[in-house]
Amino acid sequence: MQPGKGFLVWLAGLSVLGFLATDMYLPAFAAIQADLQTPAAAVSASLSLFLAGFAVAQLLWGPLSDRYGRKPILLLGLSIFALGSLGMLWVESAAALLTLRFVQAVGVCAATVIWQALVTDYYPSQKINRIFATIMPLVGLSPALAPLLGSWILTHFSWQAIFATLFVITLLLMLPALRLKPSGKARTEGQDKLTFATLLRSKTYRGNVLIYAACSASFFAWLTGSPFILSAMGYSPAVIGLSYVPQTIAFLIGGYGCRAALQKWQGYQLLPWLLGLYALSVIATWGAGLLNNASLVEILIPFCVMAIANAPSTLSSSRKRYALSLKPRARCGATNTLQLGLCFLASLVVSWLISTPLLTTTA
């Protein structure tokens, strides 16, 4: 018997939890800094460490769920995330903030990894693509919706309420997990063992994963620096939350536009043009950062063009699947770790040089 609509809603909740954990607290950066009386670099580094924890955990949860089952490992990950979110209510120092954000990342990564495995476990093969197509638009909109929700909470409550909300959402997602029954599909232990060295021997794979990671890293550099940039410009948390909507829409336009273009042209024909447009938009964004008293619109216009031009990320993401005839889940986990590792480095650089947030982020 196939799962019902409630199961699909639950999977959708698991799929967006990671984005909520990443983006919901962005409008609260200035409030956290003021409350903890800590340097801006420490607050922005909390996002950097979150990415580091998420990158490492990508390699952890998949093999564990294959060996011990989806239910116990998912519950373990959600429990870790819930405890990390609960601990944020009593944070009084930058050290505690950084530690708990790392803990949160490790925990919530289980939901991100396992919900996709649950789709393949519980649905017949002919319906899997349809299920992913149903859930992925919500995943794509999450980077815009999460800051909006966070800014609304911050308008009415303290910044700790954002993490209290994450704690409650996690508890609600744990309830169906407690009732999860085995799918009945057999799994082969150890089928996805793979090393980074094996992956990186392929020049095609290296090139494509570097494009994929670099495009993602530019956005996480913006996520790290933008709360302080916009706060310094005098914008309220509500406006900061809204500022992520145009770029998310632009990102979706670029992704779907790239898929449509692939119906007419080959990927190798599109990639040089897309990379050229992406490079020009990055230079334009950097140029906007050099302007005296640059406005939000002057920054967002080239950044949204960069988001549309982010199609190389989509294109290389699809091309890299054919770089090696390797086990797909292991390749996916290793690729995501490499991608998030570069995102972590970009975010860390912005955190380190946050004293000049606009110039550092756009550069």
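For all residues, glycine too, the Cβ spot is worked out from N, Cα and C.
Residues annotated as domain 'Major facilitator superfamily (MFS) profile' in TrEMBL: 7-363. Mean pLDDT for the domain 'Major facilitator superfamily (MFS) profile' (7-363) in this predicted model: 78.
Marked as transmembrane segment by TrEMBL: 40-61 (among others).
TrEMBL lists 73-91 (among others) with the feature transmembrane segment.
Only residues 6 or more beyond the boundaries of the transmembrane segment (97-119), in the same chain, are considered here, and those with a CB under 8 A from a CB of the stretch are 11, 14-15, 17-18, 21, 32, 36, 38, 42-43, 45-47, 49-54, 56-58, 60-62, 65, 70, 73-74, 76-85, 87-88, 91, 128, 131-132, 135, 173, 183, 329, 333. Feature annotation from TrEMBL assigns transmembrane segment to 97-119 (among others).
Residues or ranges marked as transmembrane segment by TrEMBL: 131-153 (among others). For the transmembrane segment (131-153), the residues of the chain that approach it from at least six positions outside its boundaries are 8, 11-12, 15-16, 19-20, 22-28, 116, 119, 123, 161-162, 165, 237-238, 240-245, 247-249, 251-252, 255, judged by C-beta separation under 8 angstroms.
Same-chain residues lying 6+ beyond the ends of the transmembrane segment (159-178) with a Cβ under 8 Å from its Cβ atoms: 6-7, 10, 13-14, 17, 20-21, 24-25, 28, 31-32, 35, 71, 74-75, 78-79, 81-82, 85-86, 88-89, 91, 111, 149-150, 153. Here TrEMBL flags 159-178 (among others) as transmembrane segment.
Look at TrEMBL and you will find 209-229 (among others) tagged as transmembrane segment.
For 235-258 (among others), the entry in TrEMBL reads transmembrane segment.
The feature transmembrane segment is assigned by TrEMBL to 270-288 (among others).
Sequence-distant neighbours of the transmembrane segment (294-312) (same chain, 6+ residues past either end, Cβ-Cβ under 8 Å): 211, 215, 218-219, 222, 229-230, 233, 235, 239, 243, 246-248, 250-251, 253-255, 257-258, 261, 270-271, 274-275, 277-278, 280-282, 284-285, 287-288, 358, 362. The feature transmembrane segment is assigned by TrEMBL to 294-312 (among others).
Positions annotated as transmembrane segment by TrEMBL: 333-354 (among others).
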